[in-house]
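> I have a structure here, written as structure tokens, and I will follow up with some questions on it.
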Amino acid sequence: MHIGAGHHCVRDLLSFFLSFESSSTSFESTPPSSSSLPKDGSNYFQARYESLLNMYHSHFVTSENEKKNYTGNLKAAIDSFPFPLLPLNCFCFCFIILIDCEHFFVQIHFLFCLSFLFRQIDAFCNELLGLSLSLFSKEAFLSIIISFPLLVFNRNFHCRYFFLLKLPNVSQIFVFRFIEMDHFLKLLPKLTPQLRKGDCGKIAVIGGSLEYTGAPYYAASSISRLGADIIHVFCTPDAAPVIKGYSPDLIVHPGMSASSILPKLPRMDAIIIGPGLGRNPSLWPLLQELFQYVKKEEVPFVIDGDGLWFVSEHIEHFPRQMVTTVLTPNIVEFSRLCKSALGEEDVLKIKNNSQIQHLAAELSRKMDVTIYMKGEVDLVVTPNGEVSKCSTDSSLRRCGGQGDVTAGSLGLFLFWAKKNPGNDWTSAHHEAGISSSWLVRTAGRRAFEKHGRSMNTPMLLDEIPKLVRDVETREMKDIVHTDSSKH
Ligand SMILES: NC(=O)C1=CN([C@@H]2O[C@H](COP(=O)(O)OP(=O)(O)OC[C@H]3O[C@@H](n4cnc5c(N)ncnc54)[C@H](O)[C@@H]3O)[C@@H](O)[C@H]2O)[C@@H](O)CC1
Ligand SMILES: Nc1ncnc2c1ncn2[C@@H]1O[C@H](COP(=O)(O)OP(=O)(O)OP(=O)(O)O)[C@@H](O)[C@H]1O
């Protein structure tokens, strides 16, 4: 089959790529220049197709059987693919444009993110097959003009990336993007008959006081709904019966002394301190002992809410090399930390996101700890300067308690992420952070869509089971909008 510059319909193209499936030609990692591009395009397209399929296999398909199924299903789906009769809003194109300046050669890489089609193939619209098509600039820009409004304005699109890149190897970009969309699913542990009680997580939430009983409950409840086995809440004696009354699921320990809490911690897989903790100065010795324990034992550790207030107040005593620890400030808590650690005044007046990101990176470096900064865009910043951003659509309500869900879920995700072989603490922090952000934002958005301004945190929590189920059964339509970069 001859592939001309943009004159073939998508169906023909897909068939064309598939017809090379059994061939053994190896992938050339750099795109050809205009002069080396074969006249009929066959070798180039064949190599591109194979590389993309291989990438797909190595990142999403683990067994040979799955591989066969995937390819078989793909073929069947393509045979019945009704393009161009399919209504345009059933799919979206994602373009990656690669400009090879030397030869003024423009390639357009189409990603067919066909939620409609791909739900049939693998029932998970995050799983994309990238197809490449080389065009010359005239057709390229024509395609952009047609597709850009669809990408930007149609809310049904599940993928809205639009890149203009000058990069030598587009395949790396594909891999990078696909992996990031899949964090949440990757972290969920497989449920097998061999599991014992506790294998999916024994998590401690330290917080809860007379004034604040909701916060530790929200954190603990999110952990429970995500699938941890045992959740312990350590709180003041007057808060204990109230928290217990919210849910028989939680094991509630009254008493906030180090001597009563620390002996119970060796059984815990992750610890979250701060939601609803209160600011009683008598709690500081507990925090100090806890920091030492966490540092020595390398337990996943999240500091949120009033825990961050204590850190700001005693910044000179916050230990270094807390490699397992993530601080989860909102903007007010962040400004307090910046003031005490960096001497920065007036952080609350900063409206520019990149300035906030810059400060978060500085804070992370100075305190030698990971910062998960909550806001319009969530940032995960590690001391080595790596930044992950998550801007998945979220609720428009800023009701109290959403950050407690972030803290709780993050603690559990840290435990799961670190259990994944090959993850060091830095990558575990990024993976867990993105997953937690995605969870809170997506559950919040769903709750907001149902309840509007009456939405509150219990409603967000109620969305979690369905969300987890949707991801697991691969019926999920929401895509994570994330980005990672070196700062
Ligand atoms: N139902 C509950 O029990 C809840 C208890 N919470 C707990 O309450 C304690 C104190 O937290 P606060 O946040 O009130 O204390 P802060 O001292 O951090 O906040 C003080 C003020 O800053 C404002 N503020 C807070 N977050 C903001 C944001 N993201 N953007 C702009 N302004 C913001 C608030 O309106 C508040 O008036 C914490 O332990 C926290 O965990 C909260 O988590 C909310 C829910
Ligand atoms: N302006 C915003 N736009 C979109 N999402 C936001 C915005 N601010 C916060 N969020 C989302 O809400 C989550 C909770 O952030 P928030 O700032 O409310 O935390 P918090 O103040 O610590 O909460 P809490 O009330 O539990 O103490 C964040 O992880 C983020 O994803």
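The backbone N, Cα and C atoms fix where each Cβ goes, and this holds for glycine too.
Automated prediction, rather than curation, is the source of TrEMBL annotations.
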> Select one of Asp199, Asp393, Asp404: the residue that TrEMBL places in the (6S)-NADPHX site alongside Gly276, Asn330, Ile331, Val332, Glu333, Phe334, Ser335, Arg336.
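Site partner of Gly276, Asn330, Ile331, Val332, Glu333, Phe334, Ser335, Arg336 for (6S)-NADPHX, according to TrEMBL: Asp404.
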> Measuring Cβ to any atom of ligand 1 with a strict under-6 Å cutoff, which of the binding-site residues Gly276, Ile331, Ser335, Glu376, Arg397, Gly401 qualify?
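With ligand 1 as the reference and 6 Å as the Cβ limit, the list reads Gly276, Ile331, Gly401.
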> Sorted by position, what residues of the same chain at least six away from Gly276 ((6S)-NADPHX binding site) have a C-beta under 8 A from it?
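Result: Gly207, Gly208, Ser209, Glu211, Tyr212, Thr213, Gly214, Ala215, Pro216, Cys235, Ala239, Gly305, Asp306, Asp404.
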> Among the binding-site residues listed here, Ser335, Ser395, which has the most company in the form of other Cβ atoms within 10 Å of its Cβ?
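The most densely surrounded of these binding-site residues is Ser395.
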> Check the domain 'YjeF C-terminal' (180-471) for me and report the mean pLDDT.
94
> How many Å lie between the Cα of Ser395 (ATP binding site) and the Cα of Glu333 ((6S)-NADPHX binding site)?
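About 21 Å separates the two Cα atoms.
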